[in-house]
Amino acid sequence: MPEYRSRTSTAGRNMAGARALWRATGMKDGDFHKPIIAIANSFTQFVPGHVHLKDLGQLVAREIEQVGGVAKEFNTIAVDDGIAMGHDGMLYSLPSREIIADAVEYMVNAHCADALVCISNCDKITPGMLMAALRLNIPVVFVSGGPMEAGKTKLSEHKLDLVDAMVVAADDSASDEKVAAFERSACPTCGSCSGMFTANSMNCLTEALGLSLPGNGTTLATHADREALFRRAGRLIVELCHRWYGGEDPSALPRGIATQAAFANAMTLDIAMGGSTNTILHLLAAAQEAEVDFDLTHIDALSRRVPQLCKVAPNTPKYHIEDVHRAGGVFGILGELDRAGLLETTVPTVHSASLADALERWDVVRSDNDTLHTFFKAGPAGIPTQEAFSQATRWPTLDVDRAEGCIRSLQHAYSLEGGLAVLRGNLAVDGCVVKTAGVDESIHVFEGPARVYESQDAAVAGILADEVQPGEVVVIRYEGPKGGPGMQEMLYPTSYLKSKGLGKQCALLTDGRFSGGTSGLSIGHVSPEAASGGVIGLVEDGDRIRIDIPARRIDLLLDEAVLAQRRSDADARGWKPRAPRPRKVTSALKAYALLATSADKGAVRNTALLGD
């Protein structure tokens, strides 16, 4: 049987010094034979999705200790992408994913922890912790802080979120009163922003991967029901410890759960719910850590056969994550995918022997269990707060209308093709991605002249100065993982295009990435990126670009001879932006750029450069 990793520092006479230090943390004689379980928290007062996590690590710790474990909590960093958006702060967002993954590895391996509970929530924290968990391959349970309630204002019948506040602020016709009302109402509570943005997408995907409990992705941060998820996570991690260290059960380990089939299930869910394009980046990175063969080719194949069964903000103003929960949450969507024959249900999860078993219990359509139905009736209270578990409001009924409700059956799908697609062509030889769920069908095929910008800052200035005209393809380059560096999100350019009335009249193409709050014909992750010699670095103003989503194509309509000459010029220039950028790149960012791969590889480090 595997021995507790912690025995390295707790057993034997020569570890007297280490035990003395453990005792100084509160451990007693009877604790040294127990599993030491690390709790990776991510509390910070900078991020609304994490502001309520301060005491939740200790809530989990108490449960661990009640059932025979020793809990030791530590904290990671957490960057708020919304606050970092639109300025050089966004250069640090994606690199923070690697820092978080490394920090968790450092703490767990330095202290020989036996298992791990990951308390994550927002955009890069869940992916970073997921990468670490799969790298370490010790028992793990994820439990996130939960989604924010959607906002409301007397000036609108629609629910609000962060993107609404950004769009209205850039609308010159909106009054100061309206802008202020949206600003004060868009983000009313603690939690991850209320639409199907990156944070909520990733927390939903941990359910599909099998590494978190049902409800993790959709139970509101403010709702009392979420407390039970934290308590159950504490008890569950000790069970998983016993199964691995006491029984050598491989299904108790993350790599035994997050197999290729599980990654396919997670991506199937992502496509069906129209999740953020960032999830592709993060799943590719996680698959590499898990040593699972899962790449853009697999994602492309899935995108061609998986329908869109759920549509949530920013793809529609009608529904937010709280509405997905009311319709049965992640397992409501998985249930419909299962009935459509699109899931591999033999895979295990941290809470069930198989996904099939979990669906029997947690799918609201196939189960008539009153407790289950009550759980999914948990709803918003509409009271601004930063406190977790502070309300117990319930909807009067569930939304199980699979014809016209939030979640649809295959027969009533929003679209028979899913919400994400991979495009290839001479402009993106290694691929690029688009959230088709947010693209109006009238522009699924689009051709127009390029309007080229060498940075996000230049693009924002150009859009606000009315340089961009209807029918153009806005190209923002040298914003990839290496070229940015850091692969900035382009939420402000897309929001400003909307505010200028160009949301359905222009396309946007970048080697950077997009916020989960992005909609419109926004194509990101162009690979290779400009800084790595990608064709996007050769585009000039006026060049015609053709985008064909049904055919999964994206092409620069130029003769090869012209491209060859431009490539020669770019080689001589060292693949640098044509115009100087007033951007300070620190040594920390340079170190990230030195090893960064393009988006088709998940923007992970090129470990081949590190040697054996």
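In case you wondered, yes, glycine gets a Cβ from its N, Cα and C as well.
Note that the structure is predicted; figures quoted are calculated from it, not measured.
Matching Asp80, Asp81, Asp164, Asp171 to the Mg(2+) binding residues that Swiss-Prot gives (Asp123, Lys124, Glu489) identifies Asp81.
According to DSSP, Glu489 (Mg(2+) binding site) sits within a strand segment.
Each residue in Val79, Ala84, Met90, Ser93, Leu94, Cys122, Thr198, Ala199, Asn278, Ser515 lies on the same chain as Asp81, Asp123, Lys124, Glu489 and has a C-beta within 8 Å of the C-beta centroid of that Mg(2+) site, without being one of the site residues. The binding-site residues Asp81, Asp123, Glu489 differ in how many other CB atoms lie within 10 Å of their CB, and the one with the most is Asp123.
Using a 10 Å Cα-Cα cut-off around Glu489 (Mg(2+) binding site), the recorded positions Cys122, Cys193, Ser515 reduce to Ser515.
Per-site Cβ counts within 10 Å over the binding-site residues Cys122, Cys193 peak at Cys193. For the pair Cys193 ([2Fe-2S] cluster binding site) and Asp123 (Mg(2+) binding site), the Cα-Cα distance reads 10 Å. Distance between Cα atoms for Ser515 (active site, proton acceptor) and Asp123 (Mg(2+) binding site): 9 Å, as a whole number. DSSP assigns Asp81 (Mg(2+) binding site) to a helix in the three-state reduction. Within the same chain, residues at least six positions away from Lys124 (Mg(2+) binding site) with a Cβ under 8 Å of its Cβ are Ala78, Val79, Asp81, Ser93, Leu94, Ser96, Arg97, Ile100.
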